[in-house]
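**Student:** Once you've had a glance at the structure underneath, I'll fire off some questions.
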């Protein structure tokens, strides 16, 4: 009896020892694997999300991301066609932009604030938080947000309108990035933000004069930085010309980005809500507009809405209008003749053929752009 008890105890000890050795072995292998992973470039793996319409990519495809990847940044003053631009690019099977992150322009503005304050700069340097440390942290943060707020794709883009206020800084952080600066007649942009009640930090929506002054300041900042990085990195895209002649401009734009042409960019409205297509936010103000095909319905809505005294002083209030090619005294201006297909799209839009789908409907939107 005692012998049998000893035998059972010995067997139990042997089992416990075996389990312990197995567990320690597994734990050691996991630690080794994690160390190896940390030594490799950051990767995003999501087998389901890598399957995109029109892409011949296996479900286990891995996309690597790093500071030298060819990121695309879309920006401009809000209500200048940035959402339409990103929706058209999102329709391309190789490109993913996604909704506005909202955090990217805020963190960039914070970095600018630190840089402008000489006192803060000294304090940061004394603490060892040098420009190199901050730049490295900014690269990692921005990449993490851009990559992980949507599905993987060969080309990733970000659309946060005011991010391009830091265009030259972004160009330094990401040397292979390209920038699309959306430009629109400031009178149309301002009328859109006022009539649609799009709150923008610093803009007084009760005053056309104030909003046009702020529009001029914002677009001048972004335009100057676009010119500074040069035409090989930054492309001006006039909203009016994009909607009048979308194929011509999208071909030029994709050539600038070194991305193969795909006809789907001309039919973004057909890709909304589809896997690998165009993902829209329920709370962005432009959502109810980009569900429609490209049309010219919004080009001259501002005509007759701006106070006479503001119209009279337009060239002084907003000198960037003339610099960008707009006649400050033309009411309405002649933006050009649309392609036949765009005329047909506009007719269908006016008939009410395109309505907001149920999955995008929500409470009244209260968006603030910073």
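Every residue gets a Cβ built from N, Cα and C, even glycine.
Sharing the record's features from Swiss-Prot:
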TOPO_DOM  1-8  topological domain 'Cytoplasmic'
TRANSMEM  9-25  transmembrane segment
TOPO_DOM  26-370  topological domain 'Lumenal'
BINDING   79-83, 184, 192, 196, 239, 286-295, 301  3'-phosphoadenylyl sulfate binding site
DISULFID  97-157  disulfide bond
ACT_SITE  100  active site, proton donor/acceptor
DISULFID  226-234  disulfide bond
**Student:** Count, for each of the disulfide-bonded residues 97, 226, the other C-beta atoms lying within 10 angstroms of its own C-beta, and report the residue with the smallest count.
**Tutor:** 226
**Student:** Take the C-alpha atoms of residue 289 (3'-phosphoadenylyl sulfate binding site) and residue 157 (disulfide bond) and report the distance between them in angstrom, rounded.
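**Tutor:** Pair distance, Cα basis, whole Å: 21 Å.
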**Student:** Using a 10 angstroms cut-off on Cβ to Cβ distances, just flag whichever of 79, 292 is the loneliest among these binding-site residues.
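**Tutor:** Output over binding-site residues 79, 292: least Cβ neighbours within 10 Å is 292.
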**Student:** Roughly how many Å lie between the Cα atoms of the residue listed as 'active site, proton donor/acceptor' and residue 226 (disulfide bond), rounded to a whole value?
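**Tutor:** Distance (Cα to Cα, whole Å): 21 Å.
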**Student:** Where does residue 295 (3'-phosphoadenylyl sulfate binding site) sit in the DSSP three-state scheme?
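**Tutor:** Residue 295 (3'-phosphoadenylyl sulfate binding site) sits in coil per DSSP, no helix or strand.
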**Student:** Going by DSSP, give the three-state secondary structure for residue 157 (disulfide bond).
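**Tutor:** Assignment for residue 157 (disulfide bond) reads strand.
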**Student:** Compare the Cα of residue 226 (disulfide bond) against each of the recorded positions 79, 82, 97, 292 and report the nearest.
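**Tutor:** Considering only the listed recorded positions, the nearest one is 82.
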**Student:** Roughly how many Å lie between the Cα atoms of residue 157 (disulfide bond) and residue 192 (3'-phosphoadenylyl sulfate binding site), rounded to a whole value?
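**Tutor:** That comes out at 25 Å between the alpha carbons.
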**Student:** Does residue 82 (3'-phosphoadenylyl sulfate binding site) have same-chain partners at least 6 apart in sequence with Cβ under 8 Å from its own Cβ, and which are they?
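**Tutor:** Sequence-distant Cβ neighbours: 74, 75, 76, 159, 161, 182.
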**Student:** Around the Cβ of residue 192 (3'-phosphoadenylyl sulfate binding site), how many other Cβ atoms lie within 10 Å? Please give the count over every shown protein chain.
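**Tutor:** Its Cβ has 21 other Cβ atoms within 10 Å.
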**Student:** Can you give me the same-chain residues 6 or more apart in sequence from residue 295 (3'-phosphoadenylyl sulfate binding site) with a CB-CB distance under 8 Å?
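**Tutor:** 243, 342, 345, 346, 349 - these are the non-local Cβ neighbours of residue 295 (3'-phosphoadenylyl sulfate binding site), listed in sequence order.
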